[in-house]
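**Student:** So TrEMBL has the following annotated:
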- 21-45: transmembrane segment (TRANSMEM)
- 74-95: transmembrane segment (TRANSMEM)
- 115-135: transmembrane segment (TRANSMEM)
- 164-186: transmembrane segment (TRANSMEM)
- 206-261: coiled coil (COILED)
- 278-297: transmembrane segment (TRANSMEM)
- 339-369: transmembrane segment (TRANSMEM)
- 381-401: transmembrane segment (TRANSMEM)
- 460-484: transmembrane segment (TRANSMEM)
Amino acid sequence: LAMLGVIWYRQESEVVSTITAICALAIALITSALLPVDIFLVSFMKYPNGTYKEWAANNETRGQIEDTVLYGYYTLYSIILFCVFLWIPFVYFYYEERDDDNVNKCSQVKNALKYTVGFIIVCVVLLLIGAFVPLQAPPGQNSTQWEKVQYLFEELGSGHGLPALSFSISSLTLIGMLAVITYTAYGMSVLPLNLIKGTRSVLYERLENTEDIEDVEHQIEKLKAKCKDGRPLSSRDRHNLQELEGKLQVLRRRGRHLEIAERNCCTKVGSALRPFKILLGVFFILVALLFTVALFISNLDKAFHSAGISTGFIIFGTNLTNPLNELLLALQPVFPLDYILITIITMYFVLTSMAGIRNMGIWFFWIRLYKIRPKRTRPQALLFLCMILLLIVLHTSYMIYSLAPQYVMYGSQKYLVQSHTPSVGLVPGNDTSGITKICDADAPKDECTVTRSYLFLHKFWFFSTIYYFGNWAFIGAFLIGLVVSCCRGKKSVIEGEVEADDSDMSDDEYVH
């Protein structure tokens, strides 16, 4: 939410978009925080030796706790559907209609509702498809494997309510996957490298800008000198003169912004914190490389050891050493380090996604729709930003599952395997003897509890298949973004504040 302090508005009429943005981002952050809670609850039910705690020994008690988490997902996902298909589209079209000065408030609301109906129809269609599409075994699938997959979802019930919601959320998660590939992958490379490289010297930029102004003024004087004797300029010269005058206007505005930046205390503080920024950038790039390696290993594991493409590449345990999965399991004995780490990972994805959107802007294929800039972001762009973040948060849960599949599926749960030899050193208060194993799909029934998040993500096998290939695309996008970010030079200290295509805007409207 602190990021909204950069994207603020002076116009009173834009307060609705600001409130919508704050609420949408709050929902996104709360939803992302539900995954660590889900993992914590399934892990907290058991002792480290694999036996259930006294209060969780009853199946009915465990069911009530799991239902509470399930209702939490129900509530938050329903709110996300409401925001994506009703509230955000309505506010967006309301501001689109506001651009027409001849339209009154009632007409704005009416026209916005009219356009929003299309989104509501799409939502209803997705809910109906999810409610009535049966979860059947794919053609040619091994029956034993499919029974093993299908058993995982028996706890969610067979009512139409959950499949309908799961299908709708999975459909939105597909769009979120595209946003993650586009923005998060690029943000993971551009954020640390910008911190490491820093910005250009404001004094050097001012000197360079002054020289450019003098050069353009000299060219304008040369063109105007051609018509001093009364002769008109040629069409080519007139065109060049217009371009030079426009360029001069941008350079003068740039000079004013550079002067403000030079006096700004934030610029001076940023220079003083330069060593800290470099260390933070190095840390972020190492984290990004760790995530990429973990994702690559996880995808390889699924390719070689999963039940196949027709089950969504569901994997029953880890067969290749995944560094992030092992790190989470190693931190598990020291409460609550593993939950802090999983929360940090979630927030890291949100932060890098915002960095990617901030640097790229909002695109529709090759068409740039909006730019995200401090104090200059249009209300529609802010609403797009919030919708994209909501979709990214939905896909973040699957990304984290891909990074640490076993941990996200079962947390730190273990189960007891009965031993035929007398056991030694029994844990006080427990009569069960045997050896402990980390929970996986081969565990006996009722011995391990699967997180609700995992069941939501894998309810429909064909979505999981698409997510799997999306992970490969994410790795490729990150590597491309890393190369592009390395090849680019330092950013300007006023990056994004002054551009030629917005030179008609008044600086007084945005800059103090």
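Any Cβ shown, glycine's included, is placed from N, Cα and C.
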**Student:** Could you tell me what the rest of the chain brings near the transmembrane segment (460-484), counting residues at least six beyond its ends with Cβ under 8 Å?
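**Tutor:** Sequence-remote neighbours of the transmembrane segment (460-484) are 133, 135, 138, 149, 166-167, 170, 173-174, 177-178, 180-182, 184-186, 188-190, 193, 288, 292, 295-296, 298-299, 302, 309-314, 395, 398-399, 402.
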**Student:** Give the nonlocal contacts of the transmembrane segment (21-45) in its own chain as ranges (CB under 8 Å, at least six residues past its ends).
**Tutor:** 1, 3-4, 7, 52-53, 56, 62, 65-66, 69, 72-73, 76-77, 79-80, 83, 88, 332, 336, 339, 342-343, 346-347, 349-350, 382-383, 385-387, 389-390, 392-394, 396-397, 400, 407-408, 410-413, 449-453
**Student:** Sequence-remote contacts (6 or more beyond its ends) of the transmembrane segment (278-297), Cβ cut-off under 8 Å?
**Tutor:** 188-189, 191-196, 198, 320-325, 345, 348, 352, 399, 402-404, 471, 474-475, 478-479
**Student:** Grab the same-chain neighbours of the transmembrane segment (74-95) for me: Cβ-Cβ under 8 Å, and only residues 6 or more beyond its ends, written as numbers and ranges.
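**Tutor:** Residues 14, 16-17, 20, 23-24, 27, 30-31, 34, 108-109, 111-113, 115-116, 119-120, 122-123, 162, 165, 168-169, 172, 378-380, 383-384, 386-387, 390-391, 394, 456.
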**Student:** When the pLDDT values for the coiled coil (206-261) are averaged, what is the result?
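**Tutor:** Value for the coiled coil (206-261), mean pLDDT as a whole number: 82.
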